[in-house]
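Undergrad: Could you have a look at this structure, given as structure tokens, before my questions?
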Amino acid sequence: MQTRNTLSWIKEEITRSISVSLMIYIITWASISNAYPIFAQQGYENPREATGRIVCANCHLANKPVDIEVPQAVLPDTVFEAVVRIPYDMQLKQVLANGKKGGLNVGAVLILPEGFELAPPDRISPEMKEKIGNLSFQNYRPTQKKILVIGPVPGQKYSEITFPILSPDPATNKDVHFLKYPIYVGGNRGRGQIYPDGRKSNNTVYNATAAGIVSKILRKEKGGYEITIVDASDGRQVVDIIPPGPELLVSEGESIKLDQPLTSNPNVGGFGQGDAEIVLQDPSRVQGLLFFLASVVLAQIFLVLKKKQFEKVQLSEMNF
């Protein structure tokens with residue numbers, strides 16, 4: 001009887017442990033999935049404002065370059081590469097959320113013309129799959145197939161990102177025409193300086209919220225500082241909280257001004273945006289051009305032959 005009770009107790013404990021572990025996994029996975037890949041998805045219906053500015057610049061304040069390469073023209077219902085390059089110095093290390101230093105991550109948003117979309121896996125060639133690697137692209141919104149996002153992903157491996165794009169066919173999509181279209185891109189390297197809710201991250205400079213004397217600097221156990229400033233005008237104490245990461249620039253007893261930097265700016269990344277143009281080419285126009293070029297070549301050949309024939313006739317007449 002005692003053995004049966006013991007086995008029953010062990011079974012209950014194992015079941016409880018599995019349930020707790022499963023709950024922890026689900027909660028952890030949910031928090032991670034909600035945080036990635038693009039913060040802008042949480043607060044903006046469209047990543048490109050009416051002014052042309054891509055909203056990622058609201059959180060990534062430093063301006064850095066980005067480059068996009070696409071074919072000059074594509075045929076309908078064709079898979080092509082849109083290559084986005086996010087250059088940066090691979091030796092750089094960024095401040096992580098815990099205040100430690102680590103490698104930079106990168107991310108990108110690609111805004112395609114109407115009708116263009118991510119190519120289905122069965123249409124992607126093995127060579128293109130090799131260039132894509134293990135990247136997983138997603139739509140900015142389920143209903144917006146023309147806007148693609150990726151990241152954050154390790155910058156050491158993916159500073160060049162290849163998007164596989166499928167061009168539309170005007171024969172099946174009446175909203176698409178054979179025209180020249182713009183493509184917009186935004187790319188960032190490193191963490192942002194501001195979270196979507198307006199809070200500062202630890203990857204930015206912190207300024208004094210009052211003018212006065214630094215009366216106390218308390219180094220917190222888990223990193224960061226509490227800086228007490230005695231206001232010069234009324235003697236009240238103001239406490240500025242500095243998270244782990246930025247390096248302190250002031251010391252106790254120092255006189256500081258309002259908005260004076262209390263820390264260095266640890267940010268080594270930034271955001272950039274660019275654009276390119278692509279022509280959706282009508283196959284019949286291409287065929288017409290080829291026919292025209294072929295006719296020109298044939299005309300030139302016949303002209304040369306005719307000229308040689310004429311020269312032979314002249315030569316024979318002279319000999320006669």
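Backbone N, Cα and C define each Cβ position, glycine as well.
Sharing the features that Swiss-Prot gives for it:
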BINDING   Y36, C56, C59, H60  heme binding site
SIGNAL    1-35  signal peptide
TRANSMEM  286-306  transmembrane segment
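Mind running through what each feature is packed against?
TA: Around the Cβ of H60 (heme binding site), the same chain contributes N188, G190, G192, Q193, G269, G270, F271, each under 8 angstroms and 6 or more positions distant in sequence.
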Undergrad: By Cβ count within 10 Å, point out the most packed of the binding-site residues listed: C56, C59.
TA: C56
